[in-house]
Amino acid sequence: MCGIVGYIGQNDTKEILLTGLEKLEYRGYDSAGIATLNDNGVHVTKVKGRIATLREDVDTTIDSTMGIGHTRWATHGVPSVMNAHPHQSTSERFTIVHNGVIENYNDIKNEYLADVSFISETDTEVIVQLIEKLHEKYQDTKKAFSEAMSLLKGSYAIGLIDAEDSETLYVSKNKSPLLVGLGDGFNLVASDAMATLRETDQYLEIFDKEIVLVSRNYVEVQTLDGQVVERKPFTAEIDASDTEKGTYPHFMLKEIDEQPIVMRKIIQEYQNDNGQLKLDQDIRTAMKDADRIYIIAAGTSYHAGLVGKEFIEKLANIPVEVHVASEFSYNMPLLSEKPLFVFISQSGETADSRAVLVKIKELGHPALTLTNVPGSTLSREANYTMHLHAGPEIAVASTKAYTAQIAVLAILAVDTARVKGLELDFEPLQELAIVANAMEVLTDQKEELEQLARDYFGTTRNAFFIGRSTDYHVAQEAALKLKEISYIQAEGFAGGELKHGTIALIEEGTPVIALTTQENVNYSIRGNVQEVVARGANAMVVSMKGLEQDEDAFVIPHVHELLTPLASVIPMQLLAYYAALHRDCDVDKPRNLAKSVTVE
């Protein structure tokens, strides 16, 4: 959940590192630091706080053409300058940055480093001290680095500088994302291609347990035992301008507004020249052959999976289970004879999901990944991949990836139904085009939604979202958005569950937002609204055109009943955005969170 960047070349290292870290700040922002190497040695600058603070502290007079940087989300040790990366060995010859969690760091300390004094609370310092200890034994940095990597258990993406070798960055990874960016007379290392898009669009994948020697003019990939690995580079499908806010005050608002564009992009990508659905034949076969689908996801992706379950069961007549990734390995259900696992992850790097993928691959079961990042770990390791085509999502709170996931799941469900020969009165591409138009109408109603956010969330500490059927899943996502960025305690409930306990929490002025977009439950959810109003709640009803009543606070345009989450979630996202804005919260980088959860 941290971000690392490295550079070796001819240009000003400091600016490249700082700019790269700014692009990676969504991965963590508890603390940050850089280390640069020149003829006078290694220069380390670390701060508690964000990259802007680091910029202020960096000595701009120090010239260097080689360095590493890190932005941290704390796992071992509190956020502090002492625990911030880069970390150095006792002699200061070796300097390291690390993303991940070393599970056996205490064992290594006891077995190899009993005589070493540590200055931080991190597992990362153990790695760099181990490398120094092994270098004393071998007098060879690559050998020491390789053996150290072989001793580590857990997840890591590592960049190392040897103060006595200005020609090589030493790099390795296991279960954590890391790429090498390729340039002319320079090369880079980064957790995410977004960090280095201004320098290059050519990248080399690094696989687990590989050692990479990065020089100015070459990159050599080796196995842990020194065998050279040949690998072709790939071109990143991201434009650098897509990672900028432009005229928007926040990435989140920009990404909310981009959702109509994303819907049209998905239509384009999943439509053939005849206007029919276009999917990989292997995916079609896998879906048709499956007797049960197991959706594995976390957070917002899990909420999208709940909507996807309804699509697949209603349209394709295949039973579906949706599981929280972090719990699945502990409580694996009895699997069907022909299961297909569907992993949903914006980043394609979610550690909990990857752990499940590794487990089910060992069992020989097929896997399909829905991800926004081509070439990501889940995409690479699953049997099949469907891309979301949402473009880079920078804000920590997911918006456009959520709606992209739902749209792609709808396409997958309809295509599977047709492959199975089932009759459907539902054309997803045409209906998604209608959704895109509805989204544009909704994103133009910001002033109205901003006022509603002031009225309902201005001073509250708690809020409840209720819905029935599909609206219940949107209520869960709406609550997550509000709590993520405004720090209001919010929960999403099934309307029918209110009387089974939750209604005890309703008191005078408690905001309750009720969603009603399904005709068959409209009467019931309005009954729930009356129940909470009778107990003092400040109720807001958000309804769909055709189901509205005069007292409703907000009405969304009519869309197909299967796709209502794509429309009803837009006002929920904007309510959360304005609630956070008016409470002076950091919308794009909420406290204690990171966008890409790459540790379990």
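If you go along the chain as it appears here, the first residue is 1 and each next one adds 1.
Heads up, the Cβ atoms here are built off N, Cα and C, so glycines get one too.
Annotation comment: Swiss-Prot describes CYS2 as active site, nucleophile.
According to Swiss-Prot, the domain 'Glutamine amidotransferase type-2' annotation covers 2-217.
DSSP labels the residues of the domain 'SIS 1' (283-422) in these numbers: 66 helix, 27 strand, 47 coil. Here Swiss-Prot flags 283-422 as domain 'SIS 1'.
Annotation comment: Swiss-Prot describes 452-590 as domain 'SIS 2', evidence class sequence analysis. Each residue in the domain 'SIS 2' (452-590) gets a DSSP state, and the totals come to 70 helix, 28 strand, 41 coil.
Under the heading active site, for Fru-6P isomerization activity, Swiss-Prot lists LYS595.
CYS2 (active site, nucleophile) is surrounded by 29 other CB atoms, counting those within 10 A of its CB over all protein chains shown.
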